[in-house]
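Here is what TrEMBL says about this protein:
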DOMAIN    B:253-358  domain 'HD'
TRANSMEM  B:6-28  transmembrane segment
TRANSMEM  B:35-52  transmembrane segment
TRANSMEM  B:67-90  transmembrane segment
TRANSMEM  B:102-121  transmembrane segment
TRANSMEM  B:141-164  transmembrane segment
TRANSMEM  B:176-202  transmembrane segment
TRANSMEM  B:208-225  transmembrane segment
Amino acid sequence: MNRHRLESLVLGLGALALLWSVVSASDELLEALGQHTAVIVAFLLAITVGELFRVGMPSGRIAAPVATGSGIALAVLGPVWGHDVFDVPAGVVTLVVATGLGLAQVLRAAMRRPTQWYLVAARTVGVAITAALMRVGFIDGEGVWAWQLDSEREAWLIAVVMMGAAAAGLYADIVLTALVQSERWELPAATTLRDELGEAQALTVGVIAAGPLVAFLAPVIGLAALPLGLLPMVLTYIAVRRYAANRATYRQTIAALSRLTEAAGYTPAGHASRVASRSVAIARSMGLHADAIQQLEYAALLHDLGQVGLRSPIPDGATVLAAPDDQRRIASEGARIVRRTEVLDTVADLMERQTTPFRHVREWGEEVPLASRIIKVANAFDDFSHGRADAPSVEAALERIHLGLGYEYDPEVVEALIRTIPAPSALTLR
Amino acid sequence: MLARYGTPIYIGVTVLGAVGLALVCHHLYGWPPEWLPLGLLAFIGALTWWLPSTSSDGLIHFTADNVVVLAAIPIVGPVGAGVVGLVMAALARRRIALHRRVFNMAMASASAMVGGIAYDLAGGSLSVGELHGVMPLILHVGLPIVVADAANLLANAGLVAGVVRLSAGVPFRLQLLDMLTSSGLTQFAYGVVAFVVIVMWLPGDLGPVAVLVGLAPLAGARWALLQYGEEREARERALGALVAAIETRAPELEGHSARVSAMAAGMAQELGLRPKEVADVRTAGLLHDLGTVVVAPGQEGADHERSAVLRGAAMLQDLPFLAGASAVLEQVAHAGPHQAAPTLAAEVVRVADDFDLLMHGDGLGPAEAMELLRSRPTMVEADRVLAALSRTQRAHDDGPAPDPMVAT
């Protein structure tokens with residue numbers, strides 16, 4: 001139970017937002033549904049369909065720009081050409097959006113796609129905040145929402161206020177989601193928050209602006225505002241998908257490069273990918289930034305590439321057992337090959353420094369990137385355990401690493417390595 | 001004569017064409033109704049040119065200037081749209097030679113006015129403020145704007161392809177097709193976003209704020225597209241590491257992969273293969289020796305040429321974006337040295353490889369190498385392939401082509 005504390009908290013907040021919506025809008029809910037049926041159904045459809053088209057960002061953030069943009073649009077919506085002014089309490093907006101998001105989850109479950117109810121909860125809370133802020137009456141007693149009905153009001157001011165309310169809701173959504181993700185991936189919350197808020201700020205700005213765009217179009221072209229105003233979000237979805245897919249193929253290219261040594265029999269099968277995933281796990285538990293983790297992963301995948309230049313393979317490809325000079329030569333050969341790309345210089349630097357013993361850092365103050373120290377430990381762990389995950393192999397590998405603690409290996413990294421290894425009972429079960 | 005004076009004459013004709021179009025538009029539609037919105041649109045348009053809009057590989061463009069130019073047509077009239085295009089190109093921050101800037105100004109202005117005329121011919125209204133309701137707005141603004149968008153794109157691409165043909169020798173048809181096919185959906189979207197801006201500006205009474213509200217949601221799409229371009233560039237460059245690995249194992253092949261790649265791509269272009277096929281041939285040429293690395297040390301000598309190529313192709317199969325190149329390599333392998341290659345693309349790679357080995361491995365001159373290849377019994381479309389090889393080799397000897405004039 002304690003393990004899912006934050007997720008339960010976010011789900012609880014979502015439930016609270018729904019409860020508040022039902023209580024505060026109970027008197028007007030049925031009337032609103034009857035009066036604005038077409039508008040509500042159109043938005044419900046946009047939110048549900050939009051939520052089915054999600055895209056996973058490289059940081060792990062799940063973006064659904066069409067659904068999020070539609071939700072924000074409904075929260076700020078005022079006059080609609082050909083329909084009654086959408087004058088409903090914030091609770092009605094929240095209930096409609098939550099229903100759309102919930103329907104999408106049910107459909108996802110029916111299609112055997114993964115469902116994440118904490119996302120529904122976080123987005124519901126976000127939309128409730130936007131809708132409530134738009135209707136707060138602290139300025140002239142009527143709320144800023146009513147400014148849309150006043151032709152004397154400056155349009156730019158209305159746009160700024162709408163975007164402010166949209167931003168407050170969207171950022172609340174992002175923060176809540178990041179908290180749950182940090183808990184799920186067992187990462188420091190500050191790192192996840194920094195990555196979530198830092199990644200794709202332009203995407204966040206775009207989504208924030210989509211709602212006001214629909215609201216400004218609606219008084220002139222009615223519900224056609226929904227497809228027209230959401231088109232930029234559809235384009236965003238397509239572009240982000242292409243970007244994410246391309247990032248994946250870039251990684252595949254690096255992975256293919258890393259398999260050269262395995263295909264030619266220099267290193268055991270799967271060694272590079274095991275070292276890479278172990279390195280990433282260690283880096284995450286040490287709170288490294290997403291960009292740094294990305295570079296680390298590439299460097300770890302390619303850490304043995306220099307072996308392609310060897311005339312005869314070293315036994316089992318285990319660089320940890322090679323003479324220090326050979327280790328350095330392999331590392332610099334790999335770095336030289338990778339530098340030829342001109343776009344992986346940082347990765348090449350990390351590869352080159354991976355062989356430096358920790359005592360150079362401790363005694364001579366040599367600057368060795370943390371990522372290189374991580375690769376050194378992860379590589380030694382895989383070489384010593386021969387890539388096996390059974391308890392005796394793991395224990396033997398840890399024992400060998402402990403012999404070089406502080407001298408060859410960074411103790412903090414080794415500590416993080418131990419955190420990434422399942423408890424002994426779990427090992428035995430394997 | 002054409003090579004020397006062709007480009008300046010072309011620029012002069014483009015400028016004259018833009019002036020002529022301005023006179024026609026003025027005769028048909030008069031001066032812009034208001035100058036303040038025109039100034040604002042030109043300023044916002046220039047700002048969109050100031051934002052970084054092209055990825056480092058130069059292949060992914062994302063600029064909102066089309067939205068501003070198209071929106072200008074009903075707001076300030078076709079002449080006004082021409083002025084907006086002219087000012088935007090004039091104020092472009094990028095440092096380029098004066099004659100290039102003049103060409104860009106004439107081209108942007110002329111394309112905008114062509115768009116304006118197309119808008120009118122498609123039934124577009126120049127009094128949008130008086131329109132109300134969905135259907136009138138879609139019929140008299142939305143659809144005509146999409147037509148104007150297409151006309152603007154065609155005029156722009158045609159003018160650019162012309163100047164690139166003269167200044168860099170890239171075939172007109174190839175350049176035109178490349179420009180038209182690379183920006184299809186984005187271009188359509190520009191048209192729809194321009195429609196949205198017009199609706200908010202005129203009937204919606206939002207004024208110039210409409211441009212900002214209309215463009216802001218595109219921020220995420222622009223970001224993702226530019227990221228995509230950057231990453232694609234990085235991915236292509238990462239292939240360079242595979243070549244470096246090949247040359248580490250076989251130092252005698254240093255520079256061979258890059259030469260075969262360039263030669264094969266040049267030949268593919270000469271033979272009129274589609275842009276995708278040219279790209280596949282280029283990559284296949286670059287990585288055709290990959291199989292020599294994917295073999296245990298000491299086993300290279302016992303290896304058969306065909307199995308080495310197949311191993312290389314098999315490694316590339318794991319990379320979906322290299323499926324085309326992998327297929328070309330498989331075709332090369334299956335053909336072997338004594339059978340005709342099943343496709344022109346595979347033949348091109350094989351001939352470029354053999355030609356380079358004869359030149360740099362055996363030390364033959366181009367004429368002797370060509371003669372040896374000509375005497376080879378099996379070759380697909382031998383005359384065409386060898387003619388393409390000869391032209392590509394000559395172009396290579398004449399030195400690299402000058403930088404194309406980047407127009408937009």
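Heads up, the Cβ atoms here are built off N, Cα and C, so glycines get one too.
Beyond its flanks by at least six residues, the transmembrane segment (B:35-52) meets 63-65, 67-69, 71-72, 75-76, 80, 83-85, 87-89, 91-93, 207-208, 211-212, 215, 226 of its own chain at Cβ-Cβ distances under 8 Å.
Within the chain, the transmembrane segment (B:141-164) has long-range Cβ neighbours (under 8 A, six or more residues past its boundaries) at 7, 10-11, 14, 66, 69-70, 73-74, 103, 107-108, 110-112, 114-125, 128, 131, 170, 172-173, 175-176, 179-180, 183, 187-188, 190-192, 194-195, 198-199, 404-405, 407-408.
Remark: secondary structure over the domain 'HD' (B:253-358) totals 76 helix, 0 strand, 30 coil, with classes taken from DSSP.
The predicted model assigns the domain 'HD' (B:253-358) a mean pLDDT of 81.
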